[in-house]
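Enquirer: Annotated signal peptide per TrEMBL: 1-20, in sequence order. Summarising the annotation, TrEMBL assigns domain 'Inhibitor I9' to 29-106. Taken from TrEMBL, the feature domain 'Peptidase S8/S53' applies to 135-253, 281-563. Taken from TrEMBL, the feature active site, charge relay system covers ASP144, HIS217, SER519. As annotated by TrEMBL, transmembrane segment applies to 256-281. Look at TrEMBL and you will find 631-731 tagged as domain 'Subtilisin-like protease fibronectin type-III'.
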Amino acid sequence: MGLYNVISILLLMLLQITNAASNAEEYQTYIIHMDHSHKPAYFLTHEAWHRSTLKSLSSTSPADRDDSEMLLYSYSHVMHGFSARLTPSQLSKLESSSAHVATYPESFGKMFTTHSPKFLGLRQNLGLWPAASYGQDVIIGIIDSGIWPESESFGDKGMSEVPERWKGACENGTAFTPSLCNKKLIGARSFSKGLEAAGISISKQYDYDSPRDFLGHGTHTSSTAAGNHVLSASHFGYAKGTARGVAPRAHVAMQFLMGLISCHCLLALISFLTIIAIGALSAIEKGIVVVCAAGNDGWAENSTYNGAPWITTVGAGTLDRSFTATLTLDNGLTVEGESYFPESVYISDKPLYYGKDNANKAICYYGALDPKEVAGKVVLCDNTMKTDVDGQKEEVRSAGAYAGIFMTDMSLLDPQDFVFPALIVPISTGAVIREYATQANTTKVKTLTFVHTNLGIKPAPQVAYFSSRGPDPITPGILKPDILAPGVDVLAAVAPNRLFIEVNNYNLASDYQLMSGTSMAAPHVAGVAALLKAVHREWSPAAIRSAIMTTAYSLDNTKTTIKDQWGGLPATPLEFGAGHINPNRAMNPGLIYDMDVQDYIEFLCGLGYTAKQMSAVIRRSQWSCRQQPTELNYPSFIAIFNGTDGSPKAKNFSRVVTNVGDSTSIYKAFLEVPSGMKIAVEPSSLTFTGKNQEQGFVLRVEIDNNAPKVTYGYLKWIDQQNHIVSSPVVVINY
């Protein structure tokens, strides 16, 4: 055989091998969602129908085709359909069938948890986590609307034994037995006699007469600690199980108050004569840190709740994480938009619809879209003040569109609102898409993919648009909220038997959901407090709050002032308090502003309560008040002036700081002062020669008559060891 023939044969063999490889590479695994109503009655099972469908796709005779090579799994519970290995032509043929609902390309998952502990800087082998033994032996008490004990967040693997000091109980009740408690969930009680006494029966359909939570809340990521115990009360109760994320080795005790939603609802008061305020002060007296949500009324000033000075009040911030869909148009333009649609859908080669010749169609106004025009298309909706995105979304969905693109610079949608493929884009981005939709002869969406997770986004954190703002309506002389913490799109454990979202006529539930609210932020602070208590058992609740506040940061990851989601402008301490929580720095604050119960009694004395009211709040018949009202030794400063105040408008503040850092240290005052404001500190230097030594100072703040309504600066005590003890100084000029 000649050399030429040998080479020819080898090339032919190589070509055959290459063709075989390329043919194999054409196969890909898909999950095919089928409409089960299309199953012919002569198929006894869905699997038989699925196998027959796959055989019909083969180019060879169905009788000769082994469908087992194609079919992987047949589904008939969560969804109807199957997974199979298909070529592009087979997939195309299948998708043309009227029984086809959706295609999901194969994807590989990975283990993950909520991102907030990492965003807070907590690390396995460095900083507060290992120093606190992850909160080991701290007891977290939660006042809330119940618990779902089966959640994995309450697993007790690796937990230490229940502390001997624990005197609580795990009670029997409807769908709840003491056996559900363990070394993690060490106590669970339900208090319902108040409802019964009021003649209100507990619904057997919508509630449990037990610690079990009917509403579907499961657990969250953090909680609080102090003394031997911890108390966290959050808005609408998503803080259960708290210690799994931020304080993973802390023990949890649930107190379910029937009819009690949270301290968010109960501390909207004219005075402090409420059960939460009274109970919180009692807890403080026992050394228990109390952490509460600031509220979710962020559209209004003076909207903070839980403003009692002995409560640590928490606002909500964003994380550096976003969930998006990616859109590519036929002209090559690719954009990302916000989306929480829960399916990994891949949409390709769909017409893009924009109602350019009709104003109401362009904004997807209620009843404006014609199903005959938009069915099976991707619809673009203009930004408008006539309706909101939620209304547009419902109009697009009900008209039978395949997906929707919505323009807004402020999306107020929650994850559960994304019941069909939808993405939110900024108005500027939407304008570019609109230009393409109005100028091209034929407009098409090349690809639209869901859903992607992006980390490290900027700017972050931001103050959540819903987070309540100060000054506090009850105690405006105390800056509230105290601190900002992650409260947007936080992964929270929930009861798996409650509907989360309905997609394609299927009710979806989960063990975990993304949730937002100051109720999600408060448990983060509570968890950090638990860790700090594990490191500093001797610290008072006020000391722990001080450490958290004076080590907070007010610059985002772009190195500029934390912004407000409402308009993207810089926020102020009326929104973020002392700043965003920084757990590792809080472990070693250098100085603290400490207080005890007597300080709070002195504060109450200055409010002019009657003896009966005082007795009710402080739960004692005898107490002492100084002749002259005294200031609280708070870690922040706020002065409020009005038009009747003389000139200059000035106020003095007296404070005492305690050295918890190096035995010998010298702190110098550094002032950040904006225009129109003057700040002076006397003395400007504090010298300490031992731990727990105290030093006092006086801060004077003064503003010009033409100062803006809100002005703020900072007092920072800095020593040679780089401790930075920061306090906001806020002036409101009415």
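A Cβ is built for glycine as well, from the same backbone N, Cα and C atoms used for every other residue.
Describe the structural context of each listed feature in the structure shown, including burial, neighbouring residues and relevant distances.
Expert: Secondary structure of the domain 'Subtilisin-like protease fibronectin type-III' (631-731) per DSSP, as helix, strand and coil residue counts: 0 helix, 61 strand, 40 coil.
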Enquirer: Around the C-beta of SER519 (active site, charge relay system), how many further C-beta atoms are within 10 angstroms, looking at every protein chain?
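Expert: Its Cβ has 32 other Cβ atoms within 10 Å.
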Enquirer: Do you know the mean pLDDT across the domain 'Inhibitor I9' (29-106)?
Expert: 81
